[in-house]
Amino acid sequence: MSDATIFARATGAGRAAITILRVSGPKAGPILEAIAGRLPPPRLASLRTLRHGTDVLDHAVVLWLPGPRSYTGEDGFELHLHAGPAIEHDVADALVTLGARPAEPGEFTRRAFTHGRIDLLQAEAIADLIEAETSAQRRQALTQGDGALSRLYDDWAQRLRTILAHQEALIDFPDEDLPPEVEARLLTGIADLRAQMDAHLNDGHRGELVRRGISIVIAGAPNAGKSSLLNVLAGRDAAIVTDRAGTTRDAISVTLDLGGQRAVITDTAGLRETEDAIEAEGIRRAMFHVKQADLVVHLYTEPDRPAPLADVPVEDVLTVCNKTDLHPAPDGVLGISATTGAGLGALQAELAIRVTRLTHSAGAAPLTRARHRAGITEARDALAEAERAAWPELRGEALRVAMRALGRLTGAVGVEDLLEAVFGSFCIGK
Ligand SMILES: Nc1nc2c(ncn2[C@@H]2O[C@H](COP(=O)(O)OP(=O)(O)OP(=O)(O)O)[C@@H](O)[C@H]2O)c(=O)[nH]1
């Protein structure tokens with residue numbers, strides 16, 4: 001980590017009333033004094049005239065944010081400038097002249113991590129919070145940002161540390177008369193922890209589903225009205241609708257907010273036997289999407305009852321009868337008309353219920369990324385190895401592997417190689 005003083009615009013681009021520039025680093029105090037006169041009281045908004053030499057740059061609200069109680073843990077300040085390219089450009093020039101440099105993407109949050117203000121899980125949660133499009137994503141990111149997942153993993157690491165200490169006592173003093181319960185208690189502790197990790201992993205991918213969005217695929221025979229349904233759900237003409245069977249060739253996706261959850265709905269080619277090579281490729285892709293989906297809406301029109309979709313569990317399929325303006329839906333089947341809009345409210349409500357069921361988590365903080373799943377899987381496998389180990393030394397080594405895997409999740413140990421991947425995806429100014 002360099003000791004450079006960095007700056008970036010914290011607000012978005014485009015015409016606006018205010019642009020906020022953030023500055024962080026050891027020269028923050030002297031730079032603020034140079035452009036705004038004496039330092040304002042910490043963390044209090046103060047109106048100042050900003051100057052570069054004799055040139056008046058702007059009249060701006062200034063926040064002096066001395067470390068360590070700042071976002072990055074370093075001295076920093078914010079300038080709430082009148083938005084305008086000339087002001088921003090000239091203030092940036094002044095900051096560079098006074099020894100600051102533009103920040104890299106995610107550099108503020110990376111400094112917060114380096115200075116121990118947040119751990120790696122919280123840094124990821126900040127990225128998720130900025131990306132959040134739905135209420136469920138926002139809530140999940142806030143919970144993780146508040147440290148819910150960190151506390152769970154820290155608690156496991158603490159328990160592992162105790163188990164490891166007992167294990168090392170068994171290794172170091174094999175001839176001492178340690179009570180036999182020590183080893184029994186140690187093995188029970190390992191088994192308990194492994195079971196908790198198993199439960200955490202077997203959560204139906206809830207956290208990951210909320211984060212990336214639930215994938216809903218509309219499948220069915222040609223002309224069933226799949227593209228029409230996608231369009232009415234999206235509220236726009238995303239997919240081409242014609243009365244020619246076999247119109248949709250490639251999958252088309254739109255993102256929707258379903259009861260506060262992010263859902264990605266995909267329209268696919270109609271499923272039928274065909275000689276047409278392009279349509280056949282479309283059908284192959286459709287089946288690929290169907291198999292990957294979290295939920296399939298199997299659309300059909302009476303009286304053409306469809307055969308069940310191959311390789312898709314029935315509980316992942318919602319059968320829907322379209323064109324009820326022409327033929328009524330049979331009892332027990334959800335009927336809609338994509339043309340008149342009849343039944344669409346009921347369909348949206350049913351989709352929202354199914355999506356909520358997929359993402360409902362019973363209180364515990366869910367893991368939200370493949371990185372977390374990989375780390376907990378490694379720790380769980382190492383604990384299973386420890387349970388099987390024939391020698392105390394092997395058990396000790398397996399416990400240390402589990403500790404390291406947990407430590408990498410929060411960023412407590414050896415994560416240099418991960419930092420580019422985690423912080424590189426941030427925007428500049430965060
Ligand atoms: N009467 C009536 N016609 C509908 C309804 N929904 C769709 N259609 C018509 O059915 C035809 C096929 O609709 P699409 O939405 O293109 O059907 P699709 O399932 O996407 O068709 P492919 O792309 O061939 O697989 C069009 O002429 C639509 O206007 C409906 O609820 N009622």
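Cβ coordinates come from backbone N, Cα and C, glycine included.
According to TrEMBL, the features are:
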BINDING   R22, E78, R117, K430  (6S)-5-formyl-5,6,7,8-tetrahydrofolate binding site
DOMAIN    213-356  domain 'TrmE-type G'
BINDING   223-228, 242-248, 267-270  GTP binding site
BINDING   S227, T248  Mg(2+) binding site
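Counting every protein chain shown, the Cβ of S227 (Mg(2+) binding site) has 22 other Cβ atoms within 10 Å. Within 10 Å of A269 (GTP binding site), as judged by C-alpha distances, no binding-site residues are found among R22, E78, K430. Among the binding-site residues N223, T242, the residue whose Cβ has the fewest other Cβ atoms within 10 Å is T242. In the structure shown, the C-beta of K226 has more C-beta neighbours within 10 angstroms than that of any other entry among the binding-site residues R22, R117, K226, K430. Overall, the recorded (6S)-5-formyl-5,6,7,8-tetrahydrofolate-binding residues R22, E78, R117, K430 cover a maximum inter-Cα distance of 19 Å.
Ligand 1 lies under 6 Å from the Cβ of none of the binding-site residues R22, E78, K430.
Of all the Cβ atoms in the protein chains shown, 20 others lie within 10 Å of the Cβ of E78 ((6S)-5-formyl-5,6,7,8-tetrahydrofolate binding site).
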